[in-house]
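Have a look at the structure below, then the notes.
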Amino acid sequence: MPVESGSSAASRQAKQKRKSHSLSIRRTNSTEQERAGLQREILEGQDSKLPLPLRTNLLDLFGQIEREFENLYIENIELRREIETLNDRLTAEGQTFDGGDMTKGALKTNKCHSTSQLSQKLKTTYKASTSKIVSSFKATTSRAVCQLVKEYVGHRDGIWDLSVTRTLPVVLGTASADHSAMLWSIETGKCLLKYVGHAGSVNSIKFHPTEQMALTASGDQTAHIWRFMVQLPAPQSVADITQTPCDDDVDFSDKDEADGDGDGPNECPSVRTAATTLRSHQGVVIAADWLVGGKQAVTASWDRTANLYDVETSELVHSLTGHDQELTHCCTHPTQRLVVTSSRDTTFRLWDFRDPSIHSVNVFQGHTDTVTSAVFTVGDNVVSGSDDRTVKVWDLKNMRSPIATIRTDSAVNRISVSVNQRIIALPHDNRQVRLFDMSGVRLARLPRSNRQVNHQGPWPGGTVTALPCEFSGSAPEHGICPIHHDLFVGLLLQCNYSSPI
């Protein structure tokens, strides 16, 4: 009488277990409606101050959560059984090939390696499914409704940076790879002024906190400070703007490509001379910002240094060295003399200039790839984004570990934080923009157009698209509201692939 081997017996037992388990799943599904009806009867019989429709809705939601975790539990059991079967097979193979020659030993090693890879793949699948379910629950806690408000067309190459003035009149500024920076009327979309003093790509633009001055960084290895005087035109009516839900499966329709093929804005005055030129870098100046008060400015460069300048004299005050690779961004605290710089060396550094006699620096190694940007919030937080597909929120009082981590499916470019509503805008390499709160809960994804899904270059005509959002729980905002102006910064950064030189 033939004797059944240990591996075949284990396989037969696993099949029997799966068969009986599938029967139990069918029984569970057949009684699911009965259980739901019984729960509703129990709920109706209980005393509660909540309205019955609200209680019924809550019951349905908790029922969905229970079914999701039930399916997850069933999948977990199946995966564990598969892993046990693979481990039993691995043990049987190890006993079979013990004592063989070297060729068989090598064969056993290869089989063990492939079996281990399969086991690891099963475990990874289980973890990924768990994260997906948890993320789906987080996404339903808060939603945002967005609408397309205005497009600003006029640049001839990609847009690197956007900013909004902190004083009246409130205008939008853009920095472009076409060697220019432009000022726009937010309400009408008309170009008010064009700065053409740089000899290279304009990589960033920031406005002075109290005066009508702009600070631009360029690939020509300089940063320029230039003054502007603009007069806002009469605002246009926005009554014909239709609202579109900002959901994951809804896209904005594109305008015809001819809209972006014009010769640029009409009758836009230009400025060609800077009031102050900040020199001393030996590489591309990728970013610049004003320190609180506006008397000093900081620049970040590909020469691995950041420089602190006196604005009135344009003299170099400090050269901030220490990064091992090119800098990618710099940002200043809105109320304190603090600077944060990020770099391709996977670190970001916090520079403290609150004591005039000495400045200190702290190095943070919270990422595993290029830190594309790190920005301050109004409170005591720093938000850092990286090519390692994570964004981390840090508390300045305790920087040992992040207080929140956002994991994404694509590298994160220059991020922006809404000052008033504490919302993080994340532009990705896959041309998506997602909104999160400071706790890491996703609020919305700004839709991308169907025609530009596979587009790898600048948006047509260097178009900048402004997408202010209306968030649930707040009063509706119509048109463009100042509370959302800071969301413009970083929304569409790095959607182009022009050189910042």
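Placement of Cβ uses the backbone N, Cα and C atoms for every residue, glycine included.
From a predicted model like this one, the values you see are computed outputs, not experimental measurements.
The region 'Disordered' feature in TrEMBL is assigned to 1-36, 243-267. Summarising the annotation, TrEMBL assigns compositional bias 'Polar residues' to 1-13, 22-31. What TrEMBL lists as repeat 'WD' is 152-194, 195-226, 278-319, 320-361, 364-404. The compositional bias 'Acidic residues' annotation in TrEMBL covers 246-264.
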Let's see if you can do this one: DSSP helix, strand and coil counts over the repeat 'WD' (320-361), in that order. 0 helix, 20 strand, 22 coil
Averaging pLDDT over all residues of the repeat 'WD' (152-194) gives 92
Take the repeat 'WD' (195-226) and find every residue of the same chain, 6 or more past its ends, with a Cβ under 8 Å from one of its Cβ atoms. 157, 160-167, 173-183, 270-279, 281-290, 292-294, 297, 299-301, 309, 311, 498-501
Could you give me the DSSP helix, strand and coil counts for the repeat 'WD' (364-404)? 0 helix, 21 strand, 20 coil
In the repeat 'WD' (152-194), how many residues does DSSP assign to helix, to strand and to coil? 0 helix, 22 strand, 21 coil
